[in-house]
Each structure stands twice: as structure tokens, then as C-alpha cells.
């Protein structure tokens, strides 16, 4: 399986990745992070790795074309101090008096929601200008480390201010309930969505986007900042104009770094994480790797390292071969492949620095990237990769909510045990306490990952239906009567087919926004009739259901069911 991309295909533009990966799980642990430091002087280079901090070597892995084996270090981790109350005192985050945000801005529609906060459109009362406001609920900042993370994010955004491709922070405010970060509004959509909307796409256009991404990395590193979570979702266009600027928007996992210092906390997202992160021994070179992955996707429409499971993705990142033989790579320029290959070198000492990548002929202004259109299959794959399969998560929840009381009695009691305030929602703190109570010895980063995977509507908490969907045993998911009940839920008119209109209604009911429904249907629809029949639905539900292994070395490879020790 792995990332062997040249497999049999039902359609000429269909890639093996889409036949084998059903749901892309986001992996964004909060993790133990280095203590915030005063921004260091701009480093001369981030490429020197200090060997004096190495202690014992990790388990060896097979790495193609390299004899380098990163060492393992265990730098002193910050002491985590528990905040005694669930809510924080008024000035405990910003450490200064703050104006009331409602006196300055009018909050408008919700733009997005994450684990810790909600982003709203807002209007400055004095000028009428539109901005974005990210409101971080203080009740979710349950440790001193959480508070420091927010302070560091604000500090880093101010530190990077002025770069044309980094979102500008306007101000930070605090009240009794939340910390509010007011930023410029980027209303032009995500990186991949813009490419898909335009419908025309050349290697030269990909090179221009790559130059922006690499320039952000180069600027961060020159100012002593390591991003640690570069991925397409973290780049937005300012507006819908053809010449709109592309901006990096999320610095929640970023840290200040010192040249030569080794970091070991495992953070990032599966497709984009560098092998040195998985080996728990890394420096700022990891950002170059992640940027290289994005460029690979920009050129081909699929990630370079993929598998059916998260664990499999990690193994491919560590050991898989780069595929430059499948379409469209034979028609991609040698210069583009040279850049990607050098950015995805598993030896961080041999990997290009951000500055070296920015000087590469393929990304230079008026560089060698050809202006010929890329294969249309690349656009199709980008759409599929951007959409993935939200239908499956909705279907799991439908199955969970239609099981008999006897079948879910144990899960119902477990939910009540976790939901200590009887709110009908399990918060991150309640999940931590409940997992500790059942003897699950998990890091906070691992608990945050479980939370995010189960939180289907990104509300920041797990409701009863989401909990059942996350803890169901596969034998219930794959039972014929349950599959038919789920199919019937979506097939509103009983026609025997799920149409796009019916999927739109389901998304509204589940609170899911733009889901690229035409791409979901195209990905599942095997007979190309524009709708999903029962057999196609069953195939989709059974794909990628292989049970995952136990927790690996610093890697997240199990679910909420296993963590709670549900038999």
C-alpha cells in the first residue's frame, strides 16, 4: 500500500491515494512546548544541530538514500502548573489592563471554530473597517502552559509584523470570559480552494505560490521563529482579486528557537510532519520539510507520503520513497523535482535551508518554471484532497444515534461519567480527568488529538452523538442493518440514491459548512451516475477500517475507544 502511487484506477485522473484513504485525521496536539523566551537575535543559520545534547539513540529506522540517524535528546521540559480554577482571573493572560472589545468592535458572523476559540468577522466602530476576531475561551486554558501558549502566539505575531505574507495582528483584548485577538480579515479563501476555483493552473503559478510559502518560512527563521505546523489550511488569500496576497494565518504551535538547540515534542499534522519530528530530535529544518510537502501537493494533487491510517502515514514519512514516476511527474520540469527532492531530504543537515530554497532557480522571480498548464488531473485531485470524506463521519454518527439502549448502555454510562457537570458536552478538561480515572496514561497532546478527532463539528467539545461515533466497535459499524439505517437517513426521499441536495440537507443538520459535496460524490460514485447508491455507500464505509496498532513511540495511533479501555 504505502505511497505507491501508480495503481489501477477507475478513471484516468483518479489516484490510488483516494482509493485507500477515507478520512484525513487532523493531528494537532497541544503538546509540551518549550518555555517562551525573549526573541533571540536573528540567527546566522538554523542548520547546525548540536550533538552535545544527544543522549540515547532512538530505535533505528530504515531511511532511503541516507546514512544519517538523528539522535534523541531530552531537553528540560517546562514545569506545568495547574490553574486552580476552571476560569482565569480577569488580567491573568495579557497581564495588563485591557479595553473592552465590545466598546471598540461589533462582532458579526462566525467564520470558523477550533478547539480553543472561535473566529468572528468584526467591524471597528470608529472607522467601519472589517477585521477578524479570534476569541479564545479562558475556561479552556486550564494549565499555566495553555496561558503561556496564548501569550507566545500574540508575541510571535507582533514579532513577525510587517511581512507582507503574514497576517497582521491589530490588537489583543481580554475580558472575564475570553482573550480576543483582532487581526486583518482574509476573506479570499484557502490556498487549494483558490486554485480549484480558478480552474487554470500552470507550473509557473505553482512556483509563485511556493515562493510565498518559502519566503514566510525564511522570514520566520531569520527572526528566530519555528512555525511547526505549516499546511495548506494555514494559508489564506486576503481577498478574491486575481492578484490577492497569500498570508500565513496560524502561529498557535510556533515557538522561538535558538540555533543548535534540539527540540523533542511531537507536534504538527500527519501528511506534513517531518521525520525528525517523529524521531523527537529536530530544529527549524522541519518547516522546510513541511513546505516541501505542500509544494509536492501543489504540483501533483496528492501528498508524497500517505497510507490508510495515521500510523501508516508516519511510517511512510520515515521510510517511504518519493514518487516521481507517476502522472503528472514525467511532465513536470526537472528543476521543480530537484527543489522538492532537496526540501524532502530526510537528513536535516543535507536538507535545503529556507534561504537556499528561496534562491532555487525554480522559485526565483522570473525563474525557470514553465508556464504550460499542469495536467487537469492535478486540479481534480486537489479538489478531492481538499474535501476528503466528511460523509463517513456523518454516517458514523447516524449509526451511533440509532443503536438500541442495550447496545449502547455501557457507552451511555461512560459518557455520564465523563460529563461531570451534566452539560451534555464533554470538555477537554473533563476528558483529561476521565481518562486519568480509567488509568489511561496519556500526554496532554495525545488527549487533545483524541478530542479533535471526535469533535466532528469543531465546537471544542464532544456531544453525546460524537462520543458514540468515536467509541463504537467496528462490528456495529459494519453490521448490515446499521449501514442500511445510515444510508436511509441520507436518502431522504427513499429513492435508493443519495443526491447532492440530500447531502446538503445533511450537512446543514450536522452544522458542517462548505464540504465540496460534488467532490465527495465523485470520490464515492463508482458508476459515474452523479449519485451514491447503497453498494457504493457500503464500500465507502468499509474502506480504511483496519484497526490501528497500539501507541507508538511518540505517535498517535489509537482512538478514544482504546484510550477509555472500552472492551
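Yeah, the Cβs are placed from backbone N, Cα and C, and that goes for glycine too.
All annotation found in TrEMBL is predicted automatically rather than curated by experts.
Feature list (source: TrEMBL):
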{"type": "BINDING", "residues": "138", "note": "ATP binding site"}
{"type": "COMPBIAS", "residues": "45-62", "note": "compositional bias 'Low complexity'"}
{"type": "DOMAIN", "residues": "105-363", "note": "domain 'Protein kinase'"}
{"type": "DOMAIN", "residues": "406-441", "note": "domain 'EF-hand'"}
{"type": "DOMAIN", "residues": "442-477", "note": "domain 'EF-hand'"}
{"type": "DOMAIN", "residues": "478-513", "note": "domain 'EF-hand'"}
{"type": "DOMAIN", "residues": "514-547", "note": "domain 'EF-hand'"}
{"type": "REGION", "residues": "32-85", "note": "region 'Disordered'"}
Cβ neighbour count within 10 Å of residue 138 (ATP binding site): 25
Mean of the pLDDT scores, which run from 0 to 100, over the domain 'EF-hand' (406-441): 78
Chain residues in Cβ proximity to the domain 'EF-hand' (478-513) (below 8 Å; excluding those fewer than six residues from its ends, i.e. six or more beyond): 390-391, 394-395, 397-399, 402-403, 456-457, 459, 520-521, 530-534, 537-538, 541-542, 545
Counts by DSSP class (helix H/G/I, strand E/B, coil) across the domain 'EF-hand' (478-513): 22 helix, 2 strand, 12 coil
